[in-house]
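Structure first, then comments.
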Amino acid sequence: MNNIGAADISDAGATGVGRAYATALRRRLGVLGLLGVAVLASLIADIAVGPAAISPPALMHALFSPAAAPPETVLILWQIRLPYALMAACVGGALGLAGAEMQTVLANPLASPFTLGTSAAGAFGASLAIVLDWHVGGVPQTWLVAGCAFVFAVIGVVVLDLLTRLRPADTGTVILCGVALVFCFQALVSLMQFVASEDTLQDLVFWTLGSLNRATWPAIALLGAALACVVPFSLRAAWGLTVLRMGEERAASLGVDVPRLRRAALLRICLLSALAVAFVGIIGFIGLVAPHIARRLVGEDHRFYLPASLLGGAFILSTAALVARVLVPGVVVPTGIVTALVGIPFFLAIILRRQVLS
Amino acid sequence: MNAPASDTGLMAQNLFVSHGRRMVLHGVTVGPFGPGTLNAVLGPNGSGKSTLLRAMSGLVPLRGAVTLDGQDLGRLRLPARSQRCLYLPQSLPEPMQITVIEAMMAARHVMPAPVRQQAAPSPPAALPDGRGTRVSTIGTAGSTLPGVAADPTGCAGQIARGSLPNGTSSGPEAALAWLEHMGIAHLAMRGLRELSGGQRQLVGLAQALSRRPRALLLDEPLSALDPYYQQRVMDLLAHEARETGLVVVLVLHDLNMALARCHNASVLNDGRIEASGPPETVLTPALLRRVYRIDACLDTGASGQRFLSVRGVAPAPRSMA
């Protein structure tokens, strides 16, 4: 994390303000620590709970000594539960971070990869690759689908950015353009479903429902690597994003290269949301809900807000994934359905609260 | 043909700016505004004042030239340009969930300004009417400003006591020092969204001042402030100008404030400069009638200060029919 300023506090500590600021910093770092612990706890619960009743000691044994553990336990742990749990945390974190950056660069608290069509665009790209059965020599299908989802997610974000720039955009305009994109890409996904063969239709339904069941280690590695690459750049841009949140003209006047900052943020948003949708389909509302919770917990100093949104997203999706498995005994409900059911009331609450405030 | 660029101070030459097909500025030339001076940009609503400041800061495309100390600012990229010539928009900082001290730190962090290059701040140019002297004596007992106390809020004495951090420090103690300088240290740990419009305007001004630019372009910096803080902000700007050679250009609607506190006034009307020079020579009844459509005259107070008396709206010109 870039320059929290904790070292400087001692000098300012002589004053009450210095002490209050140091306390606020400690509190926020504490909140981040608690969120980290919560993510870890939900991850452990995700691994421990499942239809096959495996005791925690057996799981630990299979985790640390797979060669000596029963093969079926090793298979369940390493091929089902661990990928499922880790993918939930990675996708949640990616969508949480992407949502937080999106809300800042589009100056809109209702922005998220799901509500503004990025996820739908990515799903269309992925379904295009599946239905047309594209192959590029030597490239595995998983990566090709992810690449195609990425390209269309970029197109979705760029189109949204252009639409909102054609006319001076207020909050409503951005949302309406995003809703238009959602409908447009959902119609295209439906078209793909219509022309798809029976074999590929099942794959396509997967995109629209959003499910963690197909998590694989290469996909987790790719998403994890993307997160590891993006997070340092996000944190490096934290000050600029904080100033941008104060107003675009103010940021520009204070020397922030706004177009460059915005382009870089949109690229990060594309990368994270496109990879997330490419591997697990459309998971709604995480990118919307996590930033709002992070804002409540640590405020909008992006040094804290971005990591809190990432951890919050990871925690919410991890918990939702757990709920999706225990909701109906013996059946794993697609996680996208669970997040949507929880997210829609939250979405309405934000809109109603904004109307009351205005 | 353009006049030669001034070696000191800020100057805009022959600026043309359009919004779409509508021309907003028609060949505007202002300045040179010398180091340490306060310069008002006046004019009715929609006359192009904000556009002039935004053009000078490089935020809108323009035809023409803006120079600072002889350097063509158009050759600099926007971040580097803002380091020398900083514009403060009229809009207030968004009421976001961030404390004031963090807002200050963020403003100083996005581009740490280097320590001023000039070895010693230039004093304000001595004007024929002694205005330069007036500014330099602000905060002392004997003000040379007729009828107006040099430091009505007692702010300058407070300013002199504290030493301000240079432009490179972006830690909390530097942010706090600037808040103390502005007299709003008590707001340091308050959230921006809890503040009133006036308080947010003060925070925005503190952000701009803390960057220590060479020239500061302020778009209606007093619009949301009560009379106390209006005077206090003007004291601060005068102090900064005097101490550091800062060039201040500010859009004002309060003509008496311009008359009492500024060295120069440039009056814009319909995208053109109507008049420019010392405020008491510029703000003539004829100009006020023509530009603002008000019936007003310059009066002299009991202690010799000059002020504008507005009698009302000027009668509409007779129809030529």
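Cβ coordinates are placed from backbone N, Cα and C, and glycine is handled just like the others.
Feature annotations, courtesy of TrEMBL:
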- A:29-54: transmembrane segment (TRANSMEM)
- A:74-98: transmembrane segment (TRANSMEM)
- A:110-131: transmembrane segment (TRANSMEM)
- A:143-163: transmembrane segment (TRANSMEM)
- A:175-196: transmembrane segment (TRANSMEM)
- A:216-244: transmembrane segment (TRANSMEM)
- A:265-292: transmembrane segment (TRANSMEM)
- A:304-324: transmembrane segment (TRANSMEM)
- A:331-352: transmembrane segment (TRANSMEM)
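Among residues of the same chain six or more beyond the transmembrane segment (A:304-324), those with a C-beta under 8 A of the stretch's C-beta atoms are 1, 28-29, 31-32, 35-36, 38-39, 42-43, 45-46, 49, 84-85, 88-97, 99-101, 212, 227, 231, 234-235, 238, 241, 283, 286-287, 289-291, 293-295, 297-298, 332-335, 337-339, 342. Recorded stretches compared: A:74-98, A:110-131, A:216-244; the one with the most Cβ pairs under 8 Å to the transmembrane segment (A:175-196) is A:110-131. Beyond the ends of the transmembrane segment (A:110-131), by six or more residues, the same chain brings 95, 98-99, 102-103, 144-153, 155-157, 160, 171, 174-175, 177-182, 184-186, 188-189, 192-193, 195-196, 200, 203-204, 207-208, 269-270, 272-274, 276-278, 281-288, 291, 347, 350-351 to within a C-beta distance below 8 angstroms of the stretch. Here the transmembrane segment (A:265-292) has Cβ contacts under 8 Å with residues 87, 91-92, 94-105, 109-115, 118-120, 122-123, 125-126, 142, 145-154, 157-158, 161, 206-212, 214-216, 219, 222-223, 226-227, 230, 233-234, 237, 241, 305, 309-310, 312-313, 316-317, 334-336, 339-340, 342-344, 346-347, 350 of the same chain, all six or more residues outside its ends. Here the transmembrane segment (A:74-98) has Cβ contacts under 8 Å with residues 39, 42-43, 46-47, 50, 52, 54, 59, 62-63, 66, 112-114, 118, 212-213, 215-217, 219-220, 223-224, 226-227, 230-231, 234, 268-269, 272-273, 275-276, 279-280, 283, 286-287, 290-291, 294, 306, 309-318, 320-321, 335 of the same chain, all six or more residues outside its ends. Remote same-chain partners of the transmembrane segment (A:143-163), defined as residues 6 or more beyond its termini with a Cβ less than 8 Å from a stretch Cβ, comprise 106, 113, 116-126, 128-130, 134-136, 174, 177-178, 180-181, 185, 218-219, 222, 262, 266-267, 269-271, 273-275, 277-279. Within its own chain, the transmembrane segment (A:331-352) is flanked in space by residues 88, 109-110, 115, 209-213, 280-286, 288-289, 292, 316-317, 320-321, 323-325, which lie at least six positions past its ends and keep a Cβ under 8 Å from the stretch.
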